[in-house]
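See below for the structure under consideration.
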4 protein chains.
Amino acid sequence: MTTSAAPLTGVIPPVCTPMTPDYEVDVASMVRLVDHLVGGGVDALFVLGSSSEVAYLTDAQRRTVLDTVVGHVAGQVPVLAGVIDMTTPRVLEHARVAIEAGAAGLVATAPFYTRTHPDEIRTHFRTLAARTGLPVYAYDLPVSVHTKLSADLLLELAAEGVLAGVKDSSGDDGGLRAVILGRRPPFSVLTGSEVTVDSALWMGADGVVPGLGNVDPHGYVELYRCAARGDWQAARAEQERLARLFGIVHVGGARMGGSSSGLGAFKAALHLRGVIDCPVTALPQIPLNEDEIGRIGKLLAGAGLL
Amino acid sequence: MTTSAAPLTGVIPPVCTPMTPDYEVDVASMVRLVDHLVGGGVDALFVLGSSSEVAYLTDAQRRTVLDTVVGHVAGQVPVLAGVIDMTTPRVLEHARVAIEAGAAGLVATAPFYTRTHPDEIRTHFRTLAARTGLPVYAYDLPVSVHTKLSADLLLELAAEGVLAGVKDSSGDDGGLRAVILGRRPPFSVLTGSEVTVDSALWMGADGVVPGLGNVDPHGYVELYRCAARGDWQAARAEQERLARLFGIVHVGGARMGGSSSGLGAFKAALHLRGVIDCPVTALPQIPLNEDEIGRIGKLLAGAGLL
Amino acid sequence: MTTSAAPLTGVIPPVCTPMTPDYEVDVASMVRLVDHLVGGGVDALFVLGSSSEVAYLTDAQRRTVLDTVVGHVAGQVPVLAGVIDMTTPRVLEHARVAIEAGAAGLVATAPFYTRTHPDEIRTHFRTLAARTGLPVYAYDLPVSVHTKLSADLLLELAAEGVLAGVKDSSGDDGGLRAVILGRRPPFSVLTGSEVTVDSALWMGADGVVPGLGNVDPHGYVELYRCAARGDWQAARAEQERLARLFGIVHVGGARMGGSSSGLGAFKAALHLRGVIDCPVTALPQIPLNEDEIGRIGKLLAGAGLL
Amino acid sequence: MTTSAAPLTGVIPPVCTPMTPDYEVDVASMVRLVDHLVGGGVDALFVLGSSSEVAYLTDAQRRTVLDTVVGHVAGQVPVLAGVIDMTTPRVLEHARVAIEAGAAGLVATAPFYTRTHPDEIRTHFRTLAARTGLPVYAYDLPVSVHTKLSADLLLELAAEGVLAGVKDSSGDDGGLRAVILGRRPPFSVLTGSEVTVDSALWMGADGVVPGLGNVDPHGYVELYRCAARGDWQAARAEQERLARLFGIVHVGGARMGGSSSGLGAFKAALHLRGVIDCPVTALPQIPLNEDEIGRIGKLLAGAGLL
């Protein structure tokens, strides 16, 4: 259990995984995306998260992503790795690969697919921490894993030194505050909600993991810097601009799943902005059509990004 | 798409995965379990399903299971393989391994972890069928994947020849009946509910995939044979005996998750019956304690199995 | 607590509530519907259930329904009354009215709207039984109240004499069987699932409460009688005809809620069959359109009812 | 549809309903509670909300509450009335009573118990607004009604003049922000989350409806005033004190439902503070025990309230 390092802070985008038209990892685009993000001033990168389409990547593709990003970043910023799988033994396998690739920390959800008791979730995170030696961040994502990590559970594991932080994508800002008020440093509280970053920072969160940060890293960096220097009015104005831009994730509407709509929008925007070569998303996601991509273009233009 | 083979019928237990005390696949016990099942008269085997702890097995362990069971069975009965993972690309990887190992058919759920539209589920199964060339069985398991496969979707994919059958573990016997009444042969309808097999067969289901069949394969074979020859009174009596035995899955109660309680009970019973060497379940499951195992022993005795 | 009476058996339709075009209870149509049902041979009537649009009726309308039906039936068959509301005190108010009107038994769900513990559900039913002196039937309807009544809870309250029976509309036939196997008479187990009546009776259920029984009471009575005399083949054939007819509830499809689609279909069918004057459903339900009603007509004709 | 009045702002506590030991409305305590709140500087009162145990009150008790509070307040502040019931016709009955009693506005949820389509929710609110002539506030409470009111639906009904505002108790601050950014005045956005009031106001919310405001109205009034004059540091400090006090709602823990635990805590605290005579909650709620009430006392003392 290693939580001795400085806590993670700032803007840590979950890096999209650009693909070629035949669904392979597009390494050249991936490198350009990393440059776009690091050049935008982000504080760390998070690969193999939900916004990275981790659920759709084969193990070989996951390794390509890790090697590409860790290799290209070359220590400029820390690279966290998602180790997303159903249970402890499978997560440990991903952790082994991430450690070999040089990840600076691991991000893991509660078990899913199985019906899991809170005591089993505790065992899960304790085992990960004990066996990996890397900082472990809990990824609270009930929309995907159908379990909410309670503030009590997180604080207990934080106090034990099992968890180095939490990425809270639950949308439950009451729970987020309970963790913020109850934790003792170093324990990083990161929000995954793109549209309430100013208020999360206001409450005392340490940083943000915004999927939309792929599209506009400068915006999130500016928002974070405004907050850090106490200029909350400017932070809010920047957040409101980004909240409007976040409308791109709804363009796909009811004719596709939320994953297709959100991840497709990020990739379409990155394509329109010239960062990646191809906006394709992995199977079985439904692609955005021309009209929908056109509406994304308008939202980008409205946010000053085209 | 190959659905030309004779439809699957009868008793097809989802084979438990015995483990050593250090959580490796216990090949010797696995072989004995296979003999116990095949000797009990089952019609096929289903490896790497939920009752096999597939969610907890690493890819290497999954392959060991496949090789062990397909190798040992040596064609006596067909072996279906679960290809349980989050999305199409990851499922295809498991399918590749299963095909290499000699599986006779594939069993796949709807995507999970992601937020998925019915049209994406259609694409998922169509892609699996098109790329694998093996019969594909849909595994309807909303408790794990949080999506119910509707009768309409199943019948549509059956009519296209995409699906060779369904394993219905939804507990929704109204939906099961709609599939039975709407399908055209060959399309296998298999229930995964251990306690309503007589009624499912009565409605016209072709077979059963009972987790409890690990513990008492003779019972399910007897039940199926009674039904097949039209002796429904005897089928019901056998089912009622098995329904009482099914109480073993509740022994773990509220101090653990439902997966731990159910899978732990199957393994404890197999251990008590002398079939496997060790009742251990994979991490992070909570093991049953002595008192709980004692109660399982009593239920086994009550069912005439000890 | 009065569970001394003979247990309820047979066909007990949840009586639809016909309305005038201005959404008042259509007493004349209601009387004709009662005659249609009693003339069809049903064993009892259940007013103010979900199929009666109880959730949409004002207290005055509920009383009109009770007075109309109890008065017109005049003791030919027992009339059970739904006492559907959020918590114990509100349910007790409905019970008082039902007792005054002459109901033979009360049907109550678990509390809803509130977040309720199983021990609170126990208190709820115990209080109802103690204060009303009428037989109390538990209405297991998780789709509406978002709580499943476990077999253990039902059997415990049955053993105490608190519950006289259960109407199981959960769709969980495994749970239904656990109650059937665990109960001691007199305790009535009634299924609310229109399409699995033969199998529920086969398992040992005492009767059925079919919404579709409004449309075709003769069919359900025939099904029950076939089962009662042991002619299961005929029971199944009748059930399969009714299962196909049940397709009327899906005609409304995704453009309306499930309540509108199902209740609208029952009323449209009753209107087409000449039993009630007007197919209107209460606000805010979306009415079926002409095309949809046309398809219901075809399904009726296919079932030999037009 | 009357949304012409000045929009509702500030602190609007959902008033608890004190009861006598035999579960009747304790009018004398209710009057003292109203004085406690109005004396504490709140801007309006909301009676018959979830924190008022509205789900547990008979219609007669609801009317007593309305008459008592509206009568005693005598126009000092507006009194909003919850009209909580399953569907439009039943809600309209409650609205009629509330109007007679002199309520200044109505608070209504989406339909519940029924399975309801968004278009039916639209019809529901449109009908309420058209038939009542009072400002209608949508009560977004998915934990109780199992439907989330989307930002798009709320903004559409706001633009039509159907809704005068929303009380957002969904805990989804991303959705809250979308409503704030998308609305045009006058449309009141009120948060129901006790622990994120400073951040909701920061985002642009107009006020708060805090159950905990029964216990500490001065605290919420102070918090609101700090925010209104731009002293956000002081607002946050006050909010953090209140967030710690909010721990009282968890004291009941897993041995009771969340309603019992939360509502019991508010009443126990009001009793300990000498505002109400008796902390009893309605059936079938489980009462807090002495030890739990002792822990509530300590949390009150820690917040400087004893």
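Glycine is no exception: its Cβ is also placed from the backbone N, Cα and C atoms.
Marked as active site, proton donor/acceptor by TrEMBL: A:Tyr139. If you look up TrEMBL, you'll see A:Lys167 marked as active site, schiff-base intermediate with substrate. The annotation pyruvate binding site is assigned in TrEMBL to A:Val209.
Here the features listed in TrEMBL are painted onto the structure.
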residue  : record                                               : DSSP class
A:Tyr139 : active site, proton donor/acceptor                   : strand
A:Lys167 : active site, schiff-base intermediate with substrate : strand
A:Val209 : pyruvate binding site                                : coil
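Shown in sequence order, A:Gly49, A:Gly82, A:Ile84, A:Val107, A:Ala108, A:Thr109, A:Val166, A:Lys167, A:Ser169 are the residues of the chain, 6+ apart in sequence, with a C-beta less than 8 angstroms from the C-beta of the residue listed as 'active site, proton donor/acceptor'.
On its own chain, A:Val209 (pyruvate binding site) has A:Ile12, A:Pro13, A:Pro14, A:Phe46, A:Gly49, A:Lys167, A:Ser169, A:Leu190, A:Thr191, A:Gly192 as residues at least 6 apart in sequence with a Cβ closer than 8 Å to its own Cβ. All protein chains considered, the CB of A:Lys167 (active site, schiff-base intermediate with substrate) has 29 other CB atoms within 10 Å.
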